[in-house]
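K.L.:
Taken from TrEMBL, the feature L-histidine binding site covers Asp110, Leu111, Thr112, Arg137, Gln153, Asp157, Arg306, Tyr310, Tyr311. Annotated domain 'Aminoacyl-transfer RNA synthetases class-II family profile' per TrEMBL: 41-379, in sequence order.
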Amino acid sequence: ISINIYFWYKLQRQVAKLLQLKAQLGGDEGKHVFVLKTAKGTRDYNPKQMAIREKVFNIIISCFKRHGAETIDTPVFELKETLTGKYGEDSKLIYDLKDQGGELLSLRYDLTVPFARYLAMNKITNIKRYHIAKVYRRDNPAMTRGRYREFYQCDFDIAGQYDAMIPDAECLKIVYEILNELDLGDFHIKVNDRRILDGMFAVCGVPDEKFRTICSTVDKLDKMAWEDVKKEMVNEKGLSEDVADRIGEYVSMQGGQDLAERLLQDPKLSQNKQACAGLTDMKLLFSYLELFQVTDKVVFDLSLARGLDYYTGVIYEAILSQTIPAPAEQNGADEAGVSVGSVAGGGRYDGLVGMFDPKGRKVPCVGVSIGIERIFSIMEQKAETSSEKVRTTETQVLVASAQKNLLEERLKLTSELWNAGVKAEVLYKKNPKLLSQLQHCEETGIPLVAILGEQELKDGVVKLRNVASREEVDVPRADLVDEIKKRTL
């Protein structure tokens, strides 16, 4: 008995300890509440949004192919050292991954540096390629403005040794064509040249070692007033006020070929070799742009800097003029509308491939990146306000029946249509009501209904109904495929 009492007391003490531990943990209250949401700076896309996105992709890809580009793909992550030192002050936005067995890896920040690595690794000296894929940045997201942490880039690049400004002009022509075809409203394309910027910094008195960091500050002029940019140059970057003021005089200049000619006569800039080379090429670029009939949208803007370190020559950025209001549920103090701004950018980067080549062999490159997410934000807002319904499927015809017990005949006809390459659907019910089948077509935008009934089967015909006009016609079964294709071209 004494032994049983001993074990009973021991059990009681253990239970007491467990109850005490439970009390300390707060019982069920300490349970983690799982919240279903997407990670910050990411989003899901519903079928309607994906249909809009697919339309945008098709327009962009058809333009790239029209200009003779082929496509490649690269891994979503790279060795960390591949990406290090290529993005200037933006390097802090790179996503680093945990050490996975000896390799330090990072998610790709853009598609340009992986492209340069690909060229060097495969010893490719000439290629015209496009690449559409996701990239990752630890940025502060602004969802309605199309700024995310995970997003697509659509890049077009020309690599190879060619005569000056011909590939560069084609890249600008591509931006012009895509933005025109997408019908996003008024836009303009700013162009400048890193050599002109560097020459300008030199004649203004910026120390050589501060060129890149001052370039990153000038790049903020599209988001900040000149006074704030000047304050950053002086207070944070250590420039004197006189030097900042001299920069201010130049970066306020805009024009076309005439501005390039005028700056070639500038007493200070004309003494700088780099600036003169850039200005001479700028004149040549505008002469080609005139032949391509795009000069009405292109402006030579000395404030354009583009903060990435790898640019060596011409740089450009496409800006949309209008602001589209955000939907009511997304309105707020910070995001009052889709003020999209830049929707494409790029430039010449002649030294980037050489950074990866063991012998330092350079492959001149020029390219452009289309800001697909920002464009998509606008297209989505336009779709919200448009009376036109966005179709999320491409179904050409629904195979329906007007009477019961015709499931086998519906499935047989559907199979015949699929085998002939027709996009067809059938409702997954044995005896659906005809009205339900017609309503499904109206809701999903299916333009035609192929109706089977006892009489139609006897006569060897199918009743083909136009959903919009409600017009019906009997079509011989042998001619049905051709009739559907003719009506849905």
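Keep in mind that glycine also has a Cβ here, set from the backbone N, Cα and C atoms.
TrEMBL does not curate its annotations; it predicts them automatically.
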K.L.:
Could you check the binding-site residues Thr112, Gln153 and say which one's CB has the fewest neighbouring CB atoms inside 10 Å?
P.N.:
Gln153
K.L.:
Counting Cβ atoms within 10 Å across all protein chains shown, which of the binding-site residues Asp110, Arg306, Tyr311 comes out on top?
P.N.:
Tyr311
K.L.:
So what pLDDT does the domain 'Aminoacyl-transfer RNA synthetases class-II family profile' (41-379) average out to?
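P.N.:
That region's mean pLDDT is 89.
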